[in-house]
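Peer 1: Here it is, the structure, as structure tokens.
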Amino acid sequence: MSSEFTHINADGNAHMVDVTEKAVTEREARAEAFIEMAPETLEMIMSGSHHKGDVFATARIAGIQAAKKTSDLIPLCHPLMLTKVEVDLEAQPAHHRVRITSLCKLSGKTGVEMEALTAASVAALTIYDMCKAVQKDMVISQTRLLEKRGGKSGHFKV
């Protein structure tokens, strides 16, 4: 673990990290999030009987779109040329929840952790949005980075 924040300069002000001199490397990040709900709500999603349509397809597209827009949402995040974004949704009826996983890849000078986290988060938020008419007390939880590869800090895996 590093002992310094990279987005704070010597004067204590927030700044975007200068990556000009960094090497271009293959980078990859995986993240996950969960959304817990009543068994009946999950069944509506799984059976396709939700009145708003295919919840998983909409959440998947929202997550992909969110990864591409991460630098518009996170102020000091660099805009990146993503080469792959994947969002998968898995119903887990035994736990009354959906597990969302994301994968982001690129060849670049900075990592894609924020893009992967944003993809998983927004997919979960989209499920909430589409299902809130049926259930308002759903819980989004355990959003975390699962793995990152590439760059100076090397490989990280939970």
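Easy rule for this one: first residue shown is 1, then count along the chain.
Cβ coordinates come from backbone N, Cα and C, glycine included.
So Swiss-Prot lists the following for this protein:
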ACT_SITE  D129  active site
BINDING   L76, C77, H78, M114, E115  substrate binding site
Peer 1: Please name the residue among the recorded positions E115, D129 whose C-beta has the most neighbouring C-beta atoms within 10 angstroms.
Peer 2: E115
Peer 1: I'd like the number of other C-beta atoms within 10 A of the C-beta of L76 (substrate binding site), please.
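Peer 2: Looking across every protein chain shown, the total is 13.
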Peer 1: Please identify, among the binding-site residues C77, H78, M114, the one with the smallest Cα-Cα distance to D129 (active site).
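Peer 2: Going through C77, H78, M114 one by one, the closest to D129 (active site) is M114.
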Peer 1: Given a 10 Å Cβ-Cβ cut-off, pick out the one of the binding-site residues C77, M114 that has the most other Cβ atoms nearby.
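Peer 2: Compared across C77, M114, the most Cβ atoms within 10 Å surround M114.
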Peer 1: Any idea what DSSP makes of H78 (substrate binding site), helix, strand or coil?
Peer 2: coil
Peer 1: Please state how far apart, in Å and to a whole number, the two most distant Cα atoms are among L76, C77, H78, M114, E115, the recorded substrate-binding residues.
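Peer 2: Site span for substrate, by Cα atoms: 13 Å.
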Peer 1: Please give me the CB contact count at 10 A for H78 (substrate binding site), counting all chains in the structure.
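Peer 2: 15, counting other Cβ atoms within 10 Å of H78 (substrate binding site).
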